[in-house]
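First up is the structure itself, then whatever we jot down about it.
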């Protein structure tokens, strides 16, 4: 009977995971169709439905593990990927509700889709199984520290991807800023406007502002996550900072986005230069989250690839 229940629970989890991935994949296609055919509002509504469905199923998967095993499911790579996928979809829905712009979904849905695909189809099955918590993780700081860090990653990834999109769309165009931080066109030596399409200019301005706002929201979460991690480390290992690879790259991530926010204050750095910094931050976030774990070294290497 116990084996039967375990198999049934595994099948339900597997179905929920597959449906979540399919929903996110469909939403990604729908968002791209909305970009291609702006007047087809049906695609946008259906995309919202699919993202909401995936979000609810991810809540179920996380809540089930939490209730069954009596600790919040953030103890290994698989569980953190589920939580990151949920964070991405939740933040996407909140930002779309707040800013009313389809570009957010078009950017966020591919990340959440690929993140969930990695957890579902690329991680070996043994890494998806629940294992007993090591003593250092048996703390209330597990929920506080890891969840806040992953939420910050979700915001920073979406914001930095928008900056990358800004760079792709603005290449070969010279852009200036007004006093209100709005993009304006620049002219060449013949006084011919480099950027002639006013709609494209408005689009670039929207993307740039969205990126700035979202990264501005994610940075405080990253700061709180690092501070809470330092406090937890002192309780668990007797030291606030050990220059562990994960700690070091978290600090590098913080510095990169601090530089980005500082460049937004300096008018000469706004636009493409600040977007380059944010684009570099996109890579650094993934190195901090996944890349460091391939080393298999340090205090944060448990429950990951080795």
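Quick reminder: no glycine exception, Cβ is built from N, Cα and C everywhere.
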Field: Swiss-Prot annotation of transmembrane segment - which of the ranges 178-198, 241-261 it falls on
entry: 241-261
The transmembrane segment (17-37) vs the transmembrane segment (241-261): 3 or more CB pairs under 8 Å: no
Task: Sort out the residues at least 6 away from either end of the transmembrane segment (148-168), same chain, that have Cβ-Cβ distances under 8 Å to it, and list them.
output: 74, 80, 83-84, 87-88, 90-92, 95, 103-104, 107-108, 111, 204, 207-208, 210-219, 221-222, 224-226, 228-229, 250, 253, 257, 272, 274-276, 278-279, 281-282, 285-286, 289
